[in-house]
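One structure below.
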Amino acid sequence: MKYIFVTGGVMSGLGKGITAASVGRILKNRGYRVTAVKIDPYLNIDAGTMNPAQHGEVFVLKDGGEVDLDLGNYERFLDIELTSSHNITTGKVYRTVIEKERRGDFLGETVQIIPHITDQIKTCIRQAAEETFPDGTKADVCLVEVGGTVGDIESMPFLEAVRQMRGELDEHDYVLVHVTLVPEDAMGDLKTKPTQHSVKALRELGLHADIIVCRSERVVGANTKRKISAFCDLPLSAVISAATARDTYEVPMEMEKEGIADVLSTHLGLEKKETDPSWYRLVTKEYTNRVTVAIVSKYGIEDVYISIKEALKHAGRALSTEVKIVWLDAERYEPCSLKDYDGILIPGGFGKRGIEGKIGAIRFARENKVPFLGLCLGFQLATIEFARHKCGIADATSEEFGEGSHVIALLPEQESVTELGGTMRLGDYTSDIRDKTLAMKLYGKSQIIERHRHRYEVNPHYIEKLEKEGLVFSATNKNRMECLELPGHPFFFATQFHPEFKSRPTRPSPPYLGFVEACRANKRTT
């Protein structure tokens, strides 16, 4: 197994995840099997209970793992499915070591950061790297992104584990890529001093960067590269410019042009294979149409809904249609403005804030024949809206929101749950699709597997009344409602699951593909 460790310096939010995913895509384009691990140096066990406004989207894996959004980037760029073991947190590591100590596994030793914590970190990395793909094969290369910034106290045990692994691995099985900021001053000059200090901090920990990826707003020129090469003691070819791209899927192509593949091949002893051009053709595909979609949401931060944004992009690219997204605050938007959009999307979420605005948008889409896609909470609110305005249940609501007729109720198995973390209905579940429905048209098969993250469901006591008034539940998991739709509407479709988590640039999610196609067919904007 060959390992590529990715660290970051100067500041957080530089794009280490996109850099790591892009490196993986470059190697995959050359025929190598690639997997990825994300290290998050926080004490949380996982990302499930973290505030999305601070941390961004909680991405859900097939096994129900609630993880950092970077794992979503890995899955999309590499077209793989990861598991919870591919996300290593300080909380997981410490919990495991403490459990071992309580069992007596250390035979009376004094348990310390070194060697016990670092040994557990190395074990977690190796176990994740060795997991097999569905076809029974294993990865040739494992990417390991170390979250945080070099110098942070939280990252120290992980960086020490990386240092130890360098000594334990063959010289051609290890490479360290350091992502750093090259800012522009008021005169427009690119400054290398932050990079120099970042590399110095890395060296103080016993680590040496084999490749430096320079993040900047514009291309880093030859003179700046030479300066970084000289001061950071590595070949000029190992200084890679990574300017901010218009589209993140273009980053692998830009890094390929910088020659990073050849540098990696030399360090890792990889055969230099021809590059598969299919990624280039996909990313450079031209748009011939454009639609505008309103996303009525609770949070005004795009990273909270990054998988939705990417799924719309995947569908648009497949249909040669550029999808422009307009974010509407569910509590503040003007209802009359909804007529200006080709489609309306209601994303998932939790809590009561903003739900009436979302319900109003759903009603507008239903009554005015505007293409609508609802996801998770959007599915539940579509049920509530229909119950209120078509079934005459004026106080229809969800048990999550308070008193009223609970057309949305708590899942029975949730009634005994006392902890928040990792206790929802999470991960892959199978749904059976009814024949002659929109769901069947979208998926083209009678059984599907999609990822879930919820505690509430359609109350079985109201299903008959809802269906009598025309609502169709077109997919179910046993007695649970998974999809709903409205016959006679151009596109009114909602899912209890999150189809965006399985969308890929090469394989768009069927509900998103159908939604964008309906937006294009019912275009209102210019």
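Heads up, the Cβ atoms here are built off N, Cα and C, so glycines get one too.
According to Swiss-Prot, Gly13, Leu14, Gly15, Lys16, Gly17, Ile18 bind ATP; the candidate from Asp46, Asp63, Asp68, Asp70 that the record adds to this site is Asp70. Nearest by CA distance to Thr195 (UTP binding site), out of the recorded positions Gly13, Glu145, Gly349, Glu400, His498, is Gly13. Taking Cα separation as the measure, Leu377 (L-glutamine binding site) is nearest to Gly13 of the binding-site residues Gly13, Ile153, Thr192, Pro194. Taking each Cβ in turn and tallying the other Cβ atoms within 10 Å, the top scorer among the binding-site residues Thr195, Gln196 is Thr195. Ile153 (CTP binding site) sits 14 Å from Ser12 (UTP binding site), counting Cα to Cα. Counting only residues at least six positions away in the same chain, the Cβ atoms of Gly148, Thr149 sit under 8 Å from the Cβ of Ser12 (UTP binding site).
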